[in-house]
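Okay, so here's the structure we're looking at.
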């Protein structure tokens, strides 16, 4: 894993991309499926796991519970036959929001769990009240004190009980947490207004492969009938739809022809529809392969982010970068998370014309972007800056790579292989702006 705290990305824009890129496994599947492996007392082999800082950190959380975990290439093996402690480490969980979701699996296995409140990207309030109320409905006693969530199941058996749970919002994390908890509960659990994201379906399929009884994943009503025990599994996670979308947008903004493999087109329907709206041609070459063709003119469009199957909030920032060069005025309404438009000011540093009011961004297309030093403020914002840098004239230097490395598997290497002039350079932060003002062309990049 690159040491992003002392590195910057330098991008010399204006070069078309060409070639093929293989999409890695889904970050948001990998994290929750690793947590789901705690439900099983046998061996779990998880394939197609991306190389990410978040995955590495999740592995550290699981190992800290006393669980055996090994990794080789894109395969992770987990044996949770013995979970030695129910207390997750504060310093790790507070850095990774998804690690909190393991509370459902730990509570289901042990009848007790102690989990610090989560961390991750600072993109607005993402409370855990839905998780807590759902676990309480299943019979758990839950208290939050001093930033620690303490949960236990009263009684000698320590087994959660099935319940009918309505989620006020279709929270992905709450749906996944409660689905995991319900797999080993006594009786039937029904989750109403459940999240429908592909990663929720992937977790359900993983649990079903271990012997769980889950019906309705991918719809707003999920029914889980608890079983006494789950068995070993060998499972491959789905491709990352957000990484795929990011490369499609990178191809669109650079007017390039590239091919993406290891994709699920059905997971990209809203994004592909918007790309076609603005004039981009997307061809489904095969059931797991897409090709993007360059558009002569990019047209403005409006976007409202929504829970799946709507336009994904994780693609809002990358698509905003694309719309900075579209002809006309676009409106982007971020309705899923608050405080998720901070990348607009950084895009404006590159010459974009974006005005933000509340959770809405008004984007007026400009003829060109110009390279400048910028800082990624969160994971998807960093991706947006990479995309803009690929199209900008001159040199763009991006700081804050620890965000990017949380969610993209070697994105700079993959872009190099497509012909982008992009380099990861280790340097002290104080020198980054000085380096950014040096507009010399890079040495040829070996691919």
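Here, residue 1 is simply the first one shown, and the rest follow in order.
Heads up, the Cβ atoms here are built off N, Cα and C, so glycines get one too.
Listed features, source Swiss-Prot:
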BINDING   27, 28  phosphoenolpyruvate binding site
BINDING   97, 126, 127, 128, 129, 130, 314, 336  UDP-N-acetyl-alpha-D-glucosamine binding site
MOD_RES   121  2-(S-cysteinyl)pyruvic acid O-phosphothioketal
ACT_SITE  121  active site, proton donor
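The Cβ neighbour count for residue 128 (UDP-N-acetyl-alpha-D-glucosamine binding site), using a 10 Å radius over every protein chain in view, is 22. Sequence-distant neighbours of residue 130 (UDP-N-acetyl-alpha-D-glucosamine binding site) (same chain, six or more apart, CB under 8 Å from its CB) are 167, 168, 169, 171, 173, 174, listed in sequence order.
Taking the binding-site residues 27, 97, 129, 314 in turn, the residue surrounded by the fewest other Cβ atoms inside 10 Å of its Cβ turns out to be 129. Every protein chain considered, the tally of other Cβ atoms within 10 Å of the Cβ of residue 28 (phosphoenolpyruvate binding site) stands at 25.
The local packing around residue 127 (UDP-N-acetyl-alpha-D-glucosamine binding site), expressed as other Cβ atoms within 10 Å of its Cβ over all shown chains, amounts to 11.
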